[in-house]
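Below is one structure; the comments refer to it alone.
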Amino acid sequence: MLITRHLYLTGFRGTGKTSVAARLAAAWAAPSIDLDEVIEKKAEKSIREIFAEGGESLFRDLESAALVEVAAGRASIISLGGGAILRAENREVLASTGVRVWLDATADEICGRVLADASTADRRPALTALSQREEIERLLADRHDLYESSADFRVDTTGKSIDQVAAEVMKAVGKN
Ligand SMILES: Nc1ncnc2c1ncn2[C@@H]1O[C@H](COP(=O)(O)OP(=O)(O)OP(=O)(O)O)[C@@H](O)[C@H]1O
Ligand SMILES: O=C(O)C1=C[C@@H](O)[C@@H](O)[C@H](O)C1
Ligand SMILES: [Mg+2]
């Protein structure tokens, strides 16, 4: 299937953006881009190293630059970092260049997924001084309205398999 606009997957860490993007890309034979990976490739550093060097503000600057670059490219399935919706300039790029699907999940579900996959926690530096569980709860609550207002569709992933979520995204955007 030929996609004519980007499909952006937004949502908190561990909601399945990268996993679902891979499924959609396979189903539609469309390119899939992971914004966190683009940032790491361009910087030639891991996200953890970028945070260690310049903190969250350096990471957010690199994230905004990477988003502008991929948004200008060929129509793709683009999985975003969990905080890509924080900056207004990013939200404008998303709204004007693609369809935005928010993958949501409860804090319990996210904790379970992140704890089950130790590499996820390792690849994502802490953004607060809170415990992992408290950080997830706090940021989910703080970001809720931004995720909501930055989305054309919301898909609740709690208790669903990656294949089920991918099928719901396809249904939501009207391409099965
Ligand atoms: N629906 C699901 N059911 C069970 N496990 C899932 C589901 N979606 C994702 N996972 C698991 O949760 C972990 C995180 O998934 P994934 O990397 O796709 O999330 P993400 O939203 O891209 O996270 P990040 O923002 O950290 O990049 C992986 O171990 C993945 O296998
Ligand atoms: O939730 C966040 O702010 C982040 C999520 C990850 O995808 C990475 O983009 C980075 O670790 C920041
Ligand atoms: Mg991801």
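Indices start at 1 and increase along the chain as displayed.
Each residue, glycine too, has its Cβ placed from N, Cα and C.
The ATP binding site annotation in TrEMBL covers Gly14, Thr15, Gly16, Lys17, Thr18, Ser19, Arg124. Cβ environment of Gly16 (ATP binding site): Leu103, Ala105, Arg113, Thr157, Ile162, Val165 lie under 8 Å away, each six or more residues apart in the same chain. Taken residue by residue with DSSP, Gly16 (ATP binding site) is part of neither helix nor strand, so it is coil.
Within the same chain, residues at least 6 positions away in sequence whose Cβ sits under 8 Å from that of Thr18 (ATP binding site) are Asp34, Ser79. The Mg(2+) binding site annotation in TrEMBL covers Thr18.
According to TrEMBL, the substrate binding site annotation covers Asp36, Arg60, Gly82, Arg143. Taken residue by residue with DSSP, Arg60 (substrate binding site) is part of a helix.
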Sequence-ordered binding-site residues from Gly14, Ser19, Gly82 with Cβ under 6 Å of an atom of ligand 3: none
Asp36, Arg60, Arg143 screened against Thr15 (ATP binding site), Cα within 10 Å - retained binding-site residues: none
